[in-house]
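Annotated features, as they stand in TrEMBL:
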TRANSMEM  47-64  transmembrane segment
BINDING   Ala57, Val58, Asn62, Leu396, Ser400  Na(+) binding site
TRANSMEM  76-96  transmembrane segment
TRANSMEM  127-148  transmembrane segment
DISULFID  Cys160-Cys168  disulfide bond
TRANSMEM  214-235  transmembrane segment
TRANSMEM  247-274  transmembrane segment
TRANSMEM  286-309  transmembrane segment
TRANSMEM  330-348  transmembrane segment
TRANSMEM  387-412  transmembrane segment
TRANSMEM  424-442  transmembrane segment
TRANSMEM  454-477  transmembrane segment
TRANSMEM  498-519  transmembrane segment
TRANSMEM  535-554  transmembrane segment
Amino acid sequence: MSISYDNPTFVPDNSLPATNGTTILTVEQQNNVKGHKKDRDTWGKEIEFLLSCIAMAVGLGNVWRFPFIALRNGGGAFVIPYIIILVLVGKPGYFLEMIMGQFSSRGTVKVYDSVPAMRGVGIGQTLCIAVVATYYSSIMAITLKYIFDSFSPVLPWSECNPNWTVPCYPSSGMGKGANHTWTNGTKSSAELYFLKEVLHAKDNIDDGIGWPNLNLVVCLIISWAIIFGILIKGIKSSGKASYITGIAPFIFLIIFFIRAVTLPGALNGIAYFFTPKWEEILKPSVWFDACTQVFFTLNVFFVNVIMYASYNKFDHNIYRDSNIVTTLDTFTSLLVGCITFGIVGHLAHELGVEDVSQVFRGGPGLVFVTYPETISKFKFVPQLFSVMFFVMLYILALGSNLATTSSIVTVIRDQFKTVKNWQAALGIAIYGIVFGSFYTTPGGQSVLNLVDHYGANFVIFILACFEIYTFCYMYGVKRICDDVMYMLDFRPSIFWRVCWKFVTPAIMTGIAIYSLIFYEAPTDNGREYPPTAHFIGWCITTLAIIWLPTFFIMRVMKQTENTLLDKIKAALKPTTNWGPLNAENNAKYKDYMASK
């Protein structure tokens, strides 16, 4: 059976012209047009896609990163560049990735059939999120341990342990040392519990990272078993999980907001959060942090958005969903900021400290020290609030990690059609357990900081720039708009076109240049990493970047054109089967494009 086109102006390369003026595709080209012979999975219900995107966006980046970044960059003044970057970079990028994913029904790598020479971008991004998945799961393991510990008759981090040879005051505010005067050298029982009982942390990794903590390894295995169980049937089963991962965190956040604002001293903390330091707003570093924060909270340019959208029905209203997700994410960041600074304000009130920033900790210290410390001061059933908080945190991490793991599964299944969902998910789970175990060692947090810098933050930003160049310049904004018109029957407004063509690439390029000029190597608790650690880090970066020039050169060399320039132009053209996945729809699309 052949596929013919009524429009004779569109003639694919090497096609056979039929005697009646139509174009008949060869068997090979028919297979290319069909793409995947098997039907691609789709979301069970449209709401499952939206909830999954919400669960992916509203995650750890909102809870432990946004409050700290806001405090470091001028408090309330940071909200202004954050919202500007959200509107000019986050929203356009999110909508763009949804378009490319839904239109093509392709995952992270296959979506670059639109510009095949740039497929290395997708491979590099996939390797980066594979790195992110390992330490996200380690955070889930630590959180799970805290959930178990929360059922103790007395919260174990609320009191000082005599075996800790460090000046300590009990986080509960009761018992021996309760009247200890606050000094910078004194640590709370919550902080010491996290460092000495949970992490068994080393000050640095000069003497090696040590052996994995068996308790955390067990929690890590349980966490990956949960992820595997959810992904065993692919997007169908993960869609069902979205009713929990996309809704439950907001219930917990509302409860904690009500509790936070009613604590003594909470309003002082919230006022501190919203008090702007206007002199900070003109600093380039503030805008850099605003951009990276948008990346982390929305998961935009982490390729997960493309993957989720690829399982949509062809005419799903992604314009509506992209606006809902990006707006809700911003609201959540501000809500979490109020909760966090309310709790920190209460903690400062309890300790008699006037400067709120003295008791504020960013990163893991916020969720595993500051929050537990405040909860331990609750007079009424602190165990209940502890369980609620860490269950919420676990669900947030689960939603983010499900998106990351699903992206890797999609890449594997797009490339190897015979691999089943459970096989790909099982392989990733084993990989996650093996490499995630490194973060459960005494030097695990030092390893996490190193890998996060070299395998995620820096390299993902560089690949994000190439992604926007690929889609907006090589594939073209005009063609993107034509695709949206064909798919959704409307043409993106001038706002989206100007952002895609000029504003978003310019901002991202400027920030990338800034990050390269003012590049700072990561440090290990204020000390330099050993040269071997930096070497391993640069190897991770190289492993992600090297695919970009490799695939570009390979694709160019495969072209049959005579001159190098013609080879490059041919390598940047979409593949023969580019377009909607459905064969009939693909044929109509090619006729549509030929008429342009």
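Cβ from N, Cα, C; glycine included.
Rounded to the nearest whole angstrom, the C-alpha distance between Leu396 (Na(+) binding site) and Cys160 (disulfide bond) is 30.
Most Cβ neighbours within 10 Å among the binding-site residues Val58, Leu396: this distinction goes to Val58. Of all Cβ atoms in the shown protein chains, 22 besides its own fall within 10 Å of the Cβ of Cys168 (disulfide bond). Summary of the Na(+) site environment: with the site residues Ala57, Val58, Asn62, Leu396, Ser400 set aside, the chain residues having Cβ atoms within 8 Å of the Cβ mean position are Ile54, Ala55, Met56, Gly59, Leu60, Gly61, Val63, Pro249, Thr297, Asp329, Thr332, Gly399.
Note on Asn62 (Na(+) binding site): other Cβ atoms within 10 Å of its Cβ, all shown chains, come to 26.
Counting residues 6+ beyond its ends, the transmembrane segment (454-477) has Cβ neighbours under 8 Å at 93, 96, 100, 112, 114-115, 118, 121, 124-125, 128, 131-132, 292, 295, 301-302, 497, 500-501, 504-505, 508-509, 511-512, 515, 522, 536-538, 540-541, 544-545, 548, 572, 574 in the same chain. Using a Cβ-Cβ cut-off under 8 Å and counting only residues 6 or more beyond its ends in the same chain, the transmembrane segment (76-96) has close neighbours at 69-70, 273-278, 280-281, 286-287, 289-291, 293-295, 298, 300-301, 305, 318-319, 322-323, 325-326, 330, 333-334, 464, 468, 471-472, 480, 492, 496, 499-500, 503-504, 507-508. Cys168 (disulfide bond) sits 35 Å from Ser400 (Na(+) binding site), counting Cα to Cα. In this chain, the transmembrane segment (387-412) touches the transmembrane segment (247-274); three or more CB pairs sit within less than 8 A of each other, excluding pairs fewer than 6 residues apart.
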